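Report on the following structure.
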Amino acid sequence: MDSEDETVEETVEGLLDDDGLPHGFCTVNYSSTDRFEGHFVHGEKNGRGKFYFFDGSTLEGFYVDDALQGQGIYTYEDGGSLHGTYVEGELNGPAQEYDTDGRLIFKGQYKDNVRHGVCWIYYPDGGSLVGEVNEDGDMTGDKVAYVYPDGRMALYGKFIDAEMLEGKLAILTSVDEGKPHFELVPNGPVYNFDKSTPSCISVNPLFPDPYESERVYVNDSLIHNAGEGLFAKVASAAQTVMSFYNGVRITHQEVDSREWALNGNTISLDDETVLDVPAPYNSYYKYCASLGHKANHSFSPNCMYDTFVHPRFGPIKCIRTMKAVEKDEELTVAYGYDHSVTGKNGPEAPEWYQQQLTAFQATQQK
C-alpha cells in the first residue's frame, strides 16, 4: 500500500542539499510510520528505492522524477509478491503475482492499478482460470475457462468473480502470447456450480467429472475385505491429481459424536468442515460425481490427500499420486488416524484399521 500522498515527512536521515532537501541516499520517515530508503536528487526520488509500509508490506523499484518507473516489486505483509510494470507510479503493463511459497498465482496485465485484459489465475493444486477480466479486474464474463491440472481439459463459459455458473467441456489447444485458444467438445456436457451442503451432496449425483473419468475407475479392491477400490485408468507420473473427494459438508463435532460405522467415508477439509459420503451415496450407482472416497487405506500408499479448488464442487480434497503409477494399479492413501490418541486396544480408529495396523507392525518387525 502506497500512502505517500497522505503522509507528512517527519525526519530525514542522510545528505541534504543547500535547500535542506534530501539529496543522495537518504531514509525518510513519515508520520504514518511508513519509511522510504533510496536515492534522491534535490528532494525527488531518483534511482533505486524501497518503501516500507506500516502494515509490513514493501514496494521497491527504480524512481524517475519522484515516480516509480519500470519494473517494481510489491511484497505483501504475508510474504506474497507482485512483480509489475509501473508508469509514473501506476501499475500499467505485464505483471505476475506469487504466493508465500514462491508459486505463480497470477499472470496478466494491469491498467491504472487494476487487472486488465486476458489474465490467468493459478491455483496451488495445478488448476487455473483464464479469461478477460471485467472493468473492476474481476474474472467475470461469458468467455472465461477453468483449466484442469493437465493443462488440456477445460470448462469454458460463464463465470462471476471466478466462480463458474455454466461451463461447457472444451480442450485448450494452444496459448499465444498469453491468450488461450479453446475448442468446444461437440455435443459435450454442460457443468454448473454445484457446491454441496450439509444435506445435499450434489444436484446431479450421477454426473461424473470429465477429468476424473479419464484417469480412474472403480472395481473390486485387491485388498482383503476392503470392498470396492479405486484404480488408475492410465499410467500417471508422480504428483498427478487423479481423483476428487466431494461430500456433504458437516462439522467435526457431528463426526466425533457418532459411531465409527457412520464415518466410513469422512475426511477433514479444514478446521471447521468434514466432507462425508453417507449412504446411499457410498454406492457407485447412487453417486459417481466424484470417486475419491473409493480409495482404500494402505500403510504403504501410492497416493495422498490434497486440497483442491474444483470449478463445480468448490473447495474439496483430491487424491494425488506420490509416485508414478501404472495402468490398472490400485490407488491407495493413508487414512491418517492419530496414533498418539489411544483407546483401550490401540489408536482411536475403527477396528479394521487397528487390525491392519497390528498386521503391518508385525511385518515390520520381521
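Using the three backbone atoms N, Cα and C, a Cβ is placed for every residue, glycine included.
Remember, predicted model here, so these are calculated numbers, not experimental data.
According to Swiss-Prot, the features are:
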REPEAT    36-58  repeat 'MORN 1'
REPEAT    59-81  repeat 'MORN 2'
REPEAT    106-128  repeat 'MORN 3'
DOMAIN    214-336  domain 'SET'
BINDING   Ala226, Gly227, Glu228, Asn296, His297  S-adenosyl-L-methionine binding site
SITE      Tyr245  site 'Histone H3K4 binding'
SITE      Asp256  site 'Histone H3K4 binding'
SITE      Thr266  site 'Histone H3K4 binding'
SITE      Lys317  site 'Histone H3K4 binding'
SITE      Tyr335  site 'Histone H3K4 binding'
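Sequence features, as recorded in Swiss-Prot, placed on the structure.
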residue	record	Cβ within 10 Å
Ala226	S-adenosyl-L-methionine binding site	16
Gly227	S-adenosyl-L-methionine binding site	11
Glu228	S-adenosyl-L-methionine binding site	17
Tyr245	site 'Histone H3K4 binding'	25
Asp256	site 'Histone H3K4 binding'	10
Thr266	site 'Histone H3K4 binding'	21
Asn296	S-adenosyl-L-methionine binding site	18
His297	S-adenosyl-L-methionine binding site	19
Lys317	site 'Histone H3K4 binding'	24
Tyr335	site 'Histone H3K4 binding'	18
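When the alpha carbons of Lys317 (site 'Histone H3K4 binding') and His297 (S-adenosyl-L-methionine binding site) are compared, the span between them is 16 angstrom.
It is 15 Å from the Cα atom of Glu228 (S-adenosyl-L-methionine binding site) to that of Tyr245 (site 'Histone H3K4 binding'). The DSSP secondary structure for Glu228 (S-adenosyl-L-methionine binding site) is strand. Within its own chain, the repeat 'MORN 3' (106-128) is flanked in space by residues 82, 84-85, 90-97, 99, 135-139, 146-149, 162, 178-180, 241, 306-311, 318, which lie at least six positions past its ends and keep a Cβ under 8 Å from the stretch. Closest in space to Thr266 (site 'Histone H3K4 binding'), of the recorded positions given as Ala226, His297, Tyr335, is Tyr335, taking the CA atom of each residue. Put simply, Asp256 (site 'Histone H3K4 binding') is 23 Å from Ala226 (S-adenosyl-L-methionine binding site) when counted between their Cα atoms. Within 8 Å of the centroid defined by the CB atoms of Ala226, Gly227, Glu228, Asn296, His297, the record's S-adenosyl-L-methionine site, lie the Cβ atoms of Ser221, Ile223, Gly229, Lys294, Ala295, excluding the listed residues themselves. Under DSSP, Asp256 (site 'Histone H3K4 binding') is assigned to a helix (H, G or I) in the three-state scheme. For the pair Asp256 (site 'Histone H3K4 binding') and His297 (S-adenosyl-L-methionine binding site), the C-alpha distance works out to 20 angstrom. In terms of DSSP helix, strand and coil, the repeat 'MORN 2' (59-81) has 0 helix, 16 strand, 7 coil. Checked against Tyr335 (site 'Histone H3K4 binding') by C-alpha proximity, the binding-site residues Gly227, Asn296, His297 yield His297 as the nearest. Tyr245 (site 'Histone H3K4 binding') and Gly227 (S-adenosyl-L-methionine binding site) are 18 Å apart (CA-CA, integer value). As a whole number, the greatest separation of Cα atoms within the S-adenosyl-L-methionine-binding residue list Ala226, Gly227, Glu228, Asn296, His297 is 12 Å.
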